[in-house]
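Here is what Swiss-Prot records for this protein:
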BINDING   38, 39, 40, 41, 42, 43, 44, 45  ATP binding site
DOMAIN    25-182  domain 'Helicase ATP-binding'
DOMAIN    429-595  domain 'Helicase C-terminal'
DOMAIN    625-660  domain 'UVR'
MOTIF     91-114  motif 'Beta-hairpin'
């Protein structure tokens, strides 16, 4: 059993006590699916940490975006300084997958920019799982994508011990086999250098180098060294060097795979010829032969992942190995944070990936086996994660139906109440809100404003700047590292308020915010539904003066339901405060960078969206109706994933086409 040692100046209080006990007890009784309904500011992260210490299993915490994953990673590093807390997200700063657009006969080559720091953290995560069981990995949905086989990875590990009989050339060959490159000049991660009878290697997953000193054919000394100065940090008796990459394949496997790939290519070529598709037949033959030549000469080729089924010896349709396979015995605890957003995201990955690759296969750009280079589908994911804790302030019916037990965490240890919710008419809403903002500025508090359209956000920001407010507008063209810096500057007082379309950002901790203003709150739709309203109102729940103003001319069902739920939570907290003699206090929290700068964030999403927008043109779709339908499909897809800012961009593009009945 994993031994986790939690360090915190706080003790469980309020609903945390019962929630922790009930969740741990339920898992102990053999229940596998549990939901924690925890309001904003109730200390859900603390509860998660306590549950981990009691369940005593390696843990995977799944978050729906890199920003929140990074925030959780930092918090769990503080909770568990003596345990292995790791970070596993996509290592692409920018990623454009290969694709084919039949309507314009356009083939888009794969283009990407890889983040070396995140690659190192990913490798460190898997090496920790293979070395120890007291491991907590905070991950994005990247954990369901294909990764090298853990068996191949483990079988390729190089273990060295002082006194071992092994010659220098043997060690060099072993390092080359596990994807390290010899470079006697550049001693950086993934490289090794040789100086006489001394070999120094820079593992891809750690900060220190390793020095191997030989005396003839015997290892005379092992030590960790500073890669810059070469100074010895600590002497070692033994070292374990893990591969530089997750995908490791032996020579015999590559030869076997090449035979199978050629057989599949011949069958696919014959299929195309029978269909009268001579261009596709020629294309698949030439592209595959080129890749095979590259693979034979260099050991790799562009898009090698598309041949992963053959290279790993999997059967047709068999799922790929992924991070979940690296957990020992596949016996671990899964915590899905903000489950109402994360679960739909997991479910959508497989379908989106398959749709793109199916087109590549149909037009001869890829073999059918490329379809097996994919993320897990939802059924496979569920089968691999039996012990699951869903965590959300607004869980979806999906996770509630699956759960064998549901526990609430309504009471906040700080005594803070849910924000007061007030509905005001939209008439003169801009001036009314300006007065409210000035009141908050006088109290050194901050404000969040959410609008329905990009144009309204821009106009509102310009107007408030003219009247002297320190205001920032968060929009999709701001990369996420800059976005997190704007949020930090809001906390520091550089800005008085922030305007945006989607300021949900579940889990973001901004205790200085005492007012959330929701403009056009009665425009029922994906930006103003019950869950969106509850989550947005919750942004003011960490401040003792928390208040939400909904500007609306009518009471929608979503507004009524959100106000009713907020009032229910307020009454529960008030009763607890009165019983325990608690005076509510604003959460006091140090101002950190939410995301370390070296951890590049979700630029890839923003860039991908720009590329999508370029794709949706009248020239391509011929008629406004066809373009409108395509835009609507994308809008609804993003809305279903609660990615409202992107959904709103597609909606705005629809509106720009001219009058039509558009559902928001």
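Cβ from N, Cα, C; glycine included.
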DSSP-derived helix, strand and coil totals, residue by residue, for the motif 'Beta-hairpin' (91-114): 3 helix, 15 strand, 6 coil
Tally of residues which DSSP labels helix, strand or coil - the domain 'UVR' (625-660): 29 helix, 0 strand, 7 coil
Under 8 Å by Cβ from residue 39 (ATP binding site), same chain, sequence gap 6 or more: 393, 409, 410, 412, 418, 538, 541, 569
The domain 'Helicase ATP-binding' (25-182) [mean pLDDT, rounded to integer]: 91
Additional residues around ATP, ordered along the sequence, whose Cβ is within 8 Å of the centroid of 38, 39, 40, 41, 42, 43, 44, 45: 47, 393, 409, 412
Other CB atoms, at most 10 A from the CB of residue 43 (ATP binding site): 24
Nonlocal residues around residue 45 (ATP binding site), in sequence order (Cβ under 8 Å, 6 or more apart): 72, 75, 76
Coarse DSSP state, helix versus strand versus coil, of residue 38 (ATP binding site): strand
Cβ-based isolation winner (fewest other Cβ atoms within 10 Å) among the binding-site residues 40, 42: 40
For residue 44 (ATP binding site): intrachain residues, at least 6 apart, with Cβ closer than 8 Å: 36, 38, 337, 391, 409
Other C-beta atoms that fall within 10 angstroms of the C-beta of residue 38 (ATP binding site): 24
Proximal but sequence-remote residues of the same chain as residue 41 (ATP binding site) (Cβ under 8 Å, at least 6 apart): 412, 414, 416, 538, 541, 542, 587
In three-state DSSP terms, the structure that residue 43 (ATP binding site) belongs to: coil
